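This report refers to the structure that appears directly beneath it.
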Amino acid sequence: MELFQAKDHYILQQGERALWCSRRDGGLQLRPATDLLLAWNPICLGLVEGVIGKIQLHSDLPWWLILIRQKALVGKLPGDHEVCKVTKIAVLSLSEMEPQDLELELCKKHHFGINKPEKIIPSPDDSKFLLKTFTHIKSNVSAPNKKKVKESKEKEKLERRLLEELLKMFMDSESFYYSLTYDLTNSVQRQSTGERDGRPLWQKVDDRFFWNKYMIQDLTEIGTPDVDFWIIPMIQGFVQIEELVVNYTESSDDEKSSPETPPQESTCVDDIHPRFLVALISRRSRHRAGMRYKRRGVDKNGNVANYVETEQLIHVHNHTLSFVQTRGSVPVFWSQVGYRYNPRPRLDRSEKETVAYFCAHFEEQLNIYKKQVIINLVDQAGREKIIGDAYLKQVLLFNNSHLTYVSFDFHEHCRGMKFENVQTLTDAIYDIILDMKWCWVDEAGVICKQEGIFRVNCMDCLDRTNVVQAAIARVVMEQQLKKLGVMPPEQPLPVKCNRIYQIMWANNGDSISRQYAGTAALKGDFTRTGERKLAGVMKDGVNSANRYYLNRFKDAYRQAVIDLMQGIPVTEDLYSIFTKEKEHEALHKENQRSHQELISQLLQSYMKLLLPDDEKFHGGWALIDCDPSLIDATHRDVDVLLLLSNSAYYVAYYDDEVDKVNQYQRLSLENLEKIEIGPEPTLFGKPKFSCMRLHYRYKEASGYFHTLRAVMRNPEEDGKDTLQCIAEMLQITKQAMGSDLPIIEKKLERKSSKPHEDIIGIRSQNQGSLAQGKNFLMSKFSSLNQKVKQTKSNVNIGNLRKLGNFTKPEMKVNFLKPNLKVNLWKSDSSLETMENTGVMDKVQAESDGDMSSDNDSYHSDEFLTNSKSDEDRQLANSLESVGPIDYVLPSCGIIASAPRLGSRSQSLSSTDSSVHAPSEITVAHGSGLGKGQESPLKKSPSAGDVHILTGFAKPMDIYCHRFVQDAQNKVTHLSETRSVSQQASQERNQMTNQVSNETQSESTEQTPSRPSQLDVSLSATGPQFLSVEPAHSVASQKTPTSASSMLELETGLHVTPSPSESSSSRAVSPFAKIRSSMVQVASITQAGLTHGINFAVSKVQKSPPEPEIINQVQQNELKKMFIQCQTRIIQI
């Protein structure tokens, strides 16, 4: 259609129709095409594709008209319906301001012989000049003063920034789609119910997904049939349409294409191979729309953030099959403060205040989709636990039989980048998938309908959600194709079809992620290729950091634009964003200057923790370990800290999930054989990085090495200079010991190291990062490496040979929290048959009142590096002979005990692992016990009597009263009878009082805080209590629901977690402790339900500050909820 500019109007005309847009008040009206003759000096500006609507960026500013400048054909849906994507828009100010360069395609009728638009419209410089002149005239006419001039400039700047975000929203993300003949807002099933509806397309759309409804409101209110032509319903989301050929003899062409660019289909395909059309349509709800940290949870209307309906269409011959899934934020009132990296989620309203809005959300969902299968992927421990517990509690309160709640801890099951373990979920809910069916339509009508829907969510409903939705949709598609005879019954999808299908879902995840978080989806490489690769891990780190950066000062503008598009008043003071932006820029510059200092402090903190007092610190570097053999073959590309002392080097590993160092190795320099530096080993393509391989011996055996590389900020660098500098430092240090260390430059062989031995694990009792988040570190590491590189040429290596003069720097480090627990992995075959010869007595001191779990500041852990007292040395000497592998690490007061097999830390995957269980190590913390006082817990259990060891911690929130944090706070012996249990409860109360009294007496004497005495209590007869262990880690355990767990269910006894589980840094919900493959609490007999309830309720412990009666009421309330619950609860 043609766009004309007149004195008072912009006129859109096609054929006999014309739409006049007023440049005075922004009004829209329909007029005949012949009225163009009445316009004052109309000029044709070019061609446009359609009208999106109009928007007012500020109440004091004019309206803007948004037009489709350029579109791209996505494909054709069944019925030959074309689907188009908006690629470029044009924005016109509905005012007297002259339009700037619109770059429109020229109309051949009015611009015959003119190819360049600048010949008929002013140049950009002229437009800017006119704009400035017009603004200047306006300000002069209104008799300005300084205040008004400043306000005018701020309004212009604000309008400019919002307009910039509007253009980026439409053109950068390419996330708006439309069809002139097909209803993209409704699924095939919903469309099939109203096939005979004669209303125009825009009146039949689903209001939830009609994204430009408010912007085009002037036209929808006209009410005449003539307006139908101008209204184009749009969706925000994703659409991709592909035709696949089922050919099992065709190669996948993996070597000829990258994951981002699928191989081209052959132009000539045999007719004997069946074809089918696959379409993926994602529709984002316009209700509670917005950006990641600006929109979370539910609102007062029951709408949730990031709600997306995804439909997968399969079309074969005349048959169309549809399967629909949804995603959406957890429907409770929660938020995350987005101005810090990886902010901690928090609940904004109480449980009772949330119930009504939770019910409103699911009542609407059940009304639309009939049944709901909730798949909750949030972590059942750690910082996400508070949201998962709130979700489960609301489900129990909602108590609807049409709801099914499935909990799947994605990070726990897929730890170590084993994302293929998602099949565990699809296998567990396979029957539910088949029972849900799908919509099947042919020319005659509806054959069957989908009965229910999967509602998948994680915290952001992005990365994890997309992987799981793709897995479920694939199961459904394979069943559909087999029903239609396109696929053989026992054959999987052909490799080439599978690859294109994976790319479609990966693109879907990227598009939704860009709309909500501003960057592409993490884990997208797994969705594309089915495996996790090095490039994907590194890209995830960059994208995660980008999300944080974007949120700092861009999300506020984008959120304001989205709200204005939907007619929602902007509540945030947009003018204050300018100040925030300046503050951020200043802070960013300051952070750049202090990168070196931050990394230095981080290295110093771990140096103080890991290095003994008799070793001297020589240097530390931030690197990446490329060797896949740490713990198991799935650990790749782990961020590490390499610390060098005068006699050893330490490799400290970062955990992706908890964002802190949780394990390290100490390797003697005497065992360091050689260093190799060269290009990284690759199968295809040119190596991008240089790597350093440190070869070492273990028990006189070779074949062990670490492959490390530097993280460089500049992609053009390979980090070789940094690695050479590190290698020279290692060489000099070893030469100072009287031995030489060869440095060899060569192309590294593609091989794996032998499994590393003696890996020591560090776990923090408190929540939060130990120093900084992993991805924050990645952005800092390159600064350190760059610093090393720059100083290399200025350092005289010869002067560094006398390394005996290095002293451990005295620096106060406030990164570490004092409560630490450590696990030691021992790769010793004797551990497999060894008895559990002792149980560690744990003493946990009260935390300082000012230490919050959501605080960025950390108290120093100075006692770890202070010199030991004589009493401590005597205690250490007395404990060194505790057991065959029990020993003391005198450098930091760590006491090791015998191993306990089947610990949680070994549950790396669902498959068997050759790695042995860690020994339990407890780090002493100042307990306040006087020198002459004996710990009340200093007793050894015997077979004749039962005693309870309690170590309560302060609850993090209200749900800690109801969902016990027994995995990190409490160790409880079991009683075999109820009478004995009551007696043990009395003993526990007396013991707690004794600890309190001794603490008071010690505070009166003002004894300084120092490490407490820890005694290791041994039991020659092994454990005297039941425990729930992972099935794969205990040899005698035949099935997931074996002796211990079944006995517990039958007797109703309390279950004591294993020491390693109790020392975990993640607070685990009660359902996370169920280690069976699946537990269902519903739709079973009353007796079986009672057993299940007793199991769940047994996990609800009491907190010491709570009165006995309150805890009993809470326990009874939870038990009653489970008894009356009609919702099926499934834990996988």
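Heads up, the Cβ atoms here are built off N, Cα and C, so glycines get one too.
Among the ranges 576-605, 846-875, the stretch that Swiss-Prot annotates as region 'Disordered' is 846-875. In Swiss-Prot, the feature phosphoserine is attached to one residue out of Ser935, Ser1103, namely Ser1103. From Ser753, Ser907, Ser1060, the position flagged in Swiss-Prot as phosphoserine is Ser907.
Looking at 143-162, 283-302, 923-942, the range annotated in Swiss-Prot as region 'Disordered' turns out to be 923-942. If you average pLDDT over the domain 'hSac2' (593-760) in this model, you get 79.
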